[in-house]
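Sharing a structure with you now.
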Amino acid sequence: MTAIDTKIKPRSARKNTRPVWDEEPSLLGKLVKALFLICYGAAIVLPIWAVVATSFASEQSLTAAGGNLLLIPTDVSLAAYQEIFDGGALTKSLILTIGLTVGGTALSMVLTIGAAYGLSRPGSLLHRPLLMLVLFTFLFAPGLYPSFLVVQKLGLFDNYLSIILPMALSAFNLIVLRSFFMNSVPTELLDAARMDGAGEFRTLFKIVLPMSKAILAVIALFYAVGYWNIYFSAVLYIPGLDTQPIQVVLQRMLMSTQGLPGAAANVSQYQSAAPDSALKMAVVVCTIIPIVIMYPFIQKHFTKAVITGAIKG
Amino acid sequence: MAALQTSAPPASPGQERRVIVRRKRTVAQRFRSDWPLLLMTLPAMAQLAVFFYWPSAWNIIAFMDYSPHRAFWDNPLVGFAWFERLFANPYFTPALLNTLKYSFANLLFLFPLSIILALVMHSVVSTKVRSVFQSIVYLPYFFSWVLVVTVFVQTLGSDGLVSNWLLGLGGDRLSFTSNPDTFLFLAWLQWAWKDAGWGMIIFLAALASINPSLYEAAAVDGASRWRRMWHITLPGIRPVIVLLLILHIGGILTVGFEQYQLQRDAIGYQTTEVLDTFIYYRSVIGTEGPSFGTAAGLFKGVIGLILVLVANNVAHRLGEQGIYQKS
């Protein structure tokens, strides 16, 4: 958090003081600004807080509150979390989602690092045509049906690999990492390594990667968030499998609360002793937690990555 | 690029020397020194080939009467018949109009909101307030749409938090998570909740790159706060605004699938049908078949390609950098 301050704000050097040339805003202006920020912040924080509070609620307190969500918990019950981690369908779904996230991120990083380094040397063999092949993906999208067809042709339909492989490479991340390699790793260092007889692989692993830890972590986290939030590819590619990613499970639970068709048949496997709302909110909390854990790190470094990517892309 | 085309005649003596130096290295020699780089690039290229270029090539079936039960070359070519059928489909025009509606609504609403948030944040002097607020507002950007919709139903739905308060106060339940007439407003709230903070961060970063001495000089010359904003701040973030606009225009027919699919049953398909859901429900799991869905996707892809090139060209003409530079 502090790191982003120093990076983002030109005023950080002044440390909480208004520069002499800047006139003091009017009281009204200050009030309006404060009110705006407080309302905006509250609109984001309160629902999240209510979700967390409800996930710990017992049946009685929920009935007393008369609804699906409560702001002030009167007692704490862990029934919902016991339900999630008791080894049933929800546990399987969480384990699957963690597996997809870890496996997918690892594969994505291998692809991204390799291509980013391989394409970081203008003038190397085939450099320009290969780079064009990557950049073209920004301009055109192959379309939903052809992608679906290819997954079918490869025999990956109803196979968990169909979640990971089609989204394994983000051209955006590749370009961001490539421009980092090109601009932030000193060429002298690379030349020195080559003089000492280090091959490209050795240079990559011993010099370039250790210098790029922060940006690698940010890119990995972006990939991880992408895999963790997988919903549409699961709907599209693995509709027939029993164990679904956690977002799909959450969607089915949501549909059943709203009394909508389409989920009724599937949702019975998630019903439990814990209050319905509490269970659902506990699933929501489980999907939020990894993101909240990763968040401070993303926050610390990612703005820079976004901006370099946007400018150099 | 020109320097690599060794067959091109040299324009000047200086250039000639450079070309000759490059000519010394044959392809075989370059391969001998560069093969590790190619090997590293290979897995990513394989992924692109299989999951980007292969499906792109499959778009050809938009011009065929494609059936998965025939050998590929036995599928007859039918020209633009599927596109005619697409445009004649009674659900297509509403889906296209909805897509444009949500796309423009998003542009007109989210852009100014992000800029306003960034300007307000930029004017806050206390670093503590700024860092706390920043941390809060762009957290939801990393949430999935499933989660966002769930939170909205739980808070603003007919059994949700706000409905309960209203009931307690003697009012009525809210119905607007299931009301097609107010869906646009609901979508606005969802964008504001999920994405505005992200936009704010991008604009804040752009604001940070403006040289503070410009403000000081303007203030010394007697420019008021508003004039400084108009003459320094807005021109300073113009390149970023243009960049994001181009990207948005290229994606004008891509509004995302999940937000609309997730609320389809509650709101009704008439209101939430966008091109992506149209392709999914009519073709992938519907009865219209592969060629129809492919034609719809290709229509979308080609329009997006044209729009992004045109927008970028216009940006160049206006003297902006755009997404790529003329080389």
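Placed from the backbone N, Cα and C atoms, the Cβ positions cover glycine too.
The transmembrane segment feature in TrEMBL is assigned to A:34-52, A:94-118, A:130-148, A:160-181, A:214-238, A:278-298. What TrEMBL lists as domain 'ABC transmembrane type-1' is A:94-298.
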Could you give the residue numbers and ranges of same-chain residues that sit at least 6 residues beyond the transmembrane segment (A:160-181) on either side and whose C-beta is under 8 angstroms from one of its C-beta atoms?
96, 100, 103-104, 107-108, 111-113, 115-117, 119-120, 134-135, 137-138, 147, 151, 208, 212, 215-216, 219, 222-223, 226-227, 230, 233-234, 237-238, 241, 245, 305-306, 308-309, 312-313
Who are the long-range neighbours of the transmembrane segment (A:278-298) in its own chain, taking Cβ under 8 Å and residues 6 or more past its ends?
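Hits for the transmembrane segment (A:278-298): 1, 48, 51-52, 54-59, 62, 69, 77, 79-81, 83-84, 90, 94, 101, 217-218, 221-222, 224-225, 228, 246-247, 249-250, 253-254, 257, 270, 272.
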For the transmembrane segment (A:214-238), find every same-chain residue at least 6 residues outside the stretch whose CB is under 8 Å from a CB in it, and list them.
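Tertiary neighbours of the transmembrane segment (A:214-238) are 97, 100-101, 104-105, 108-109, 112-113, 144, 148, 151, 156-160, 162-164, 166-167, 170, 173, 176-177, 180, 244-245, 247-248, 251, 287, 290-291, 294, 297-298, 301-302, 305.
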